[in-house]
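Copied from TrEMBL, the annotated features are:
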- His95: active site, electrophile (ACT_SITE)
- Glu167: active site, proton acceptor (ACT_SITE)
- Asn9, Trp10, Lys11, Gly173, Ser212, Gly233, Gly234: substrate binding site (BINDING)
Amino acid sequence: MRRPLVAGNWKMHGSRQSVDALLNGLVEQEWPEGVELMIAPPALYIDRCVGRLQGSPLSVGGQTCATQAEPGALTGEISPAQLRDAGCGYVLVGHSERRTLFGESDAVVCKKFAAALACGLRPVLCVGESQAERDAGQTADVVARQLQVILDAFGVGGLAEGVVAYEPVWAIGTGLTASPEQAQDVHAMIRARLAMLDDAQAQDVRIVYGGSVKADNAEALFSMPDIDGGLIGGASLNAEEFGAIARAAGRV
Ligand code: PGA
């Protein structure tokens, strides 16, 4: 049985004041049994979040990390070792905003994935196609290419140590959610691809969906057989809404 993960990606939102208010709201939520919970705040607020969430079922993750674990002359970067030291258990790698706005290639994403694993962080590998790629019928190829670099380096076992997040770029922050069937198709395709390499491990890999997940569409998405939770952007900035999404994962 795969344990669902519901993770919040706060992106570049928040101030000390609003983060404290959100944390207060989160600690008051009723969290479901059997669902793993994580939030990825801006790095500046990780310490604050780790402190406030101690004793709660929520863990904290980074939104990205440097390509190396070792300290170095990399102005502005944060290493996965530092994230681990700050109390993180997870780190997102290859989010589409990092890929498109910061030019992160598959090779860079793979280095980040490797550096995270080397530090004992679980990497959440984000994959997904743009609207143009979907329209051109390239969804399967794009997602397969994004997975392949990781598979070449670490095999299916590497992905089983982390998490795959399928996030169609056209659904991120747009209010356009993939239908449960559209998402399930891609999740099943990903698992089938992994199963060709190692069927037993493929069944253990968690594949979460991201892209305009809200309290009112979460349960239908999470009910799909290959959707093992969600990566939530905008809706994770509201404690009630994030709590409701997590509880939906607990019901399926
Ligand atoms: P969204 O973002 O839920 O606001 O669409 C998802 C993500 O980028 O992880």
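A Cβ is built for glycine as well, from the same backbone N, Cα and C atoms used for every other residue.
Distribution of TrEMBL features across the structure.
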residue : record                       : contacts (Cβ under 8 Å, 6+ apart)
Asn9    : substrate binding site       : Ala40, Gln63, Leu92, His95, Gly210, Leu231, Ile232, Gly233, Ser236
Trp10   : substrate binding site       : Ile39, Ala40, Pro41, Pro42, Gln63, Ser236, Leu237
Lys11   : substrate binding site       : Pro42, Gln63, Glu97, Gly233
Glu167  : active site, proton acceptor : His95, Ser96, Cys126, Val127, Gly128, Tyr209, Gly210, Gly211, Leu231
Gly173  : substrate binding site       : Ser212, Gly233, Gly234
For a quick check of understanding: given the listed substrate-binding residues Asn9, Trp10, Lys11, Gly173, Ser212, Gly233, Gly234, what is the maximum Cα-Cα distance in angstrom, as an integer?
14
DSSP secondary structure for Gly234 (substrate binding site), reduced to helix/strand/coil, please.
helix
Give the subset of the binding-site residues Trp10, Gly233, Gly234 lying near ligand 1, defined as CB under 6 A from any of its atoms.
Gly233, Gly234
DSSP, reduced to three states, assigns Asn9 (substrate binding site) to strand
Work through the binding-site residues one by one (Gly233, Gly234) and point out the residue whose CB has the fewest other CB atoms within 10 angstroms.
Gly234
Taking the Cβ of Ser212 (substrate binding site) as centre, how many other Cβ atoms lie within 10 Å?
20
Taking the recorded substrate site as Asn9, Trp10, Lys11, Gly173, Ser212, Gly233, Gly234, identify the other residues of that chain whose CB atom sits within 8 Å of the mean position of the site's CB atoms, giving them in sequence order.
Ile172, Ile232, Ala235, Ser236, Leu237
